[in-house]
Amino acid sequence: MGVCCSKGTGIIVEHGADDGNECGDGEAEVRDTNDGAVVRTRGSSKHVSMSIKQGKKGINQDAMTVWENFGGEEDTIFCGVFDGHGPMGHKISRHVCENLPSRVHSKIRSSKSAGDENIENNSSQSQEELFREFEDILVTFFKQIDSELGLDSPYDSFCSGTTAVTVFKQADCLVIANLGHSRAVLGTRSKNSFKAVQLTVDLKPCVQREAERIVSCKGRVFAMEEEPDVYRVWMPDDDCPGLAMSRAFGDFCLKDYGLVCIPDVFCRKVSREDEFVVLATDGIWDVLSNEEVVKVVGSCKDRSVAAEMLVQRAARTWRTKFPASKADDCAVVVLYLNHRPYPREGNVSRAISTISWRSNKSNNECYGAAPLSPLGLSQRVS
């Protein structure tokens with residue numbers, strides 16, 4: 001969830017009457033839009049496997065969505081997972097989950113109607129132009145939705161917010177956008193096994209350039225004595241809210257102090273060896289490594305239950321690894337990139353993504369590596 005202490009006060013995607021006790025083995029939830037897209041909030045298809053499970057901390061604050069035929073194109077798909085935090089985190093994550101893809105979808109449709117067709121030749125320049133255009137659309141709507149949360153939202157987002165990690169796939173092009181500490185990891189074939197390629201950087205206060213931005217805006221970054229490895233963002237004159245991420249929707253108590261809503265956006269061309277992308281909230285990544293996640297998904301004979309198997313594995317690991325802790329919510333979307341059979345077993349090795357084009361708008365340069373604690377930051381002894 002990502003917040004230490006909090007102040008409480010579109011269309012909402014509901015995931016069940018108990019507001020969070022669901023998992024991916026339930027009945028599929030699918031609806032059609034008026035312009036050809038198929039929106040999935042639970043279940044599986046030939047392209048995706050989805051699963052969500054409430055943790056032990058209270059109401060489920062995770063949300064997820066998949067849009068097939070995105071923008072009216074049969075070979076185009078949009079996937080996203082969202083991890084809310086704070087008293088209204090469950091409302092904000094679902095609000096963003098519904099509104100972000102719907103606005104991007106409508107923008108693409110309207111651009112096509114106006115004659116601004118997608119560039120379809122294979123030249124490097126034209127594909128980069130497509131990426132830059134889509135990056136602008138994403139950043140615009142990230143900022144627009146965040147601004148609306150602060151101005152006229154029915155939800156108090158002063159100390160509540162959400163992460164977001166999304167993947168847009170068109171033909172052999174992946175555009176990934178990341179905000180916060182949810183993560184996207186690619187499973188790619190290597191002989192008779194898989195290797196895990198981390199596509200996103202966890203945007204946390206311990207990433208040096210993130211910390212530098214926060215400190216330059218008078219925010220504070222430090223770890224509490226009881227959690228020496230978890231750096232958090234604090235207001236200048238108050239030990240609140242203790243946010244464990246450096247970018248998010250909402251959390252307006254920190255927006256003047258270095259917290260931003262500009263996503264990391266980059267593009268990767270899909271190779272013949274690339275099999276699937278796993279999008280998941282930190283309830284998965286806190287207990288399972290990238291390699292373990294890719295191995296679980298790659299070993300599933302029935303792709304439709306891959307996300308469910310991963311969520312169940314994480315739940316068991318929470319119980320064994322952290323028996324005294326409350327398990328976090330988990331949301332997983334597995335996007336399959338092709339329909340060829342692939343290996344079931346074998347060792348998994350870690351690799352770093354090769355980015356085709358990266359965002360001009362992000363100030364984070366620490367792609368692919370586990371972030372180190374920023375120089376000059378210390379624990380808070382209290």
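Count begins at 1; order follows the chain as displayed.
Just so you know, glycine gets a Cβ as well, placed from its N, Cα and C.
Not measured: the values here are computed from a predicted model.
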Per Swiss-Prot, D83, D328 bind Mn(2+) 2; matching candidate in D35, D282, D302: D282
Other CB atoms, at most 10 A from the CB of G84 (Mn(2+) 1 binding site): 33
Length of the line joining the Cα atoms of G84 (Mn(2+) 1 binding site) and D282 (Mn(2+) 2 binding site), in Å: 11
Secondary structure at D328 (Mn(2+) 2 binding site), reduced by DSSP to three states: coil
Stretch-averaged pLDDT - the domain 'PPM-type phosphatase' (47-337): 93
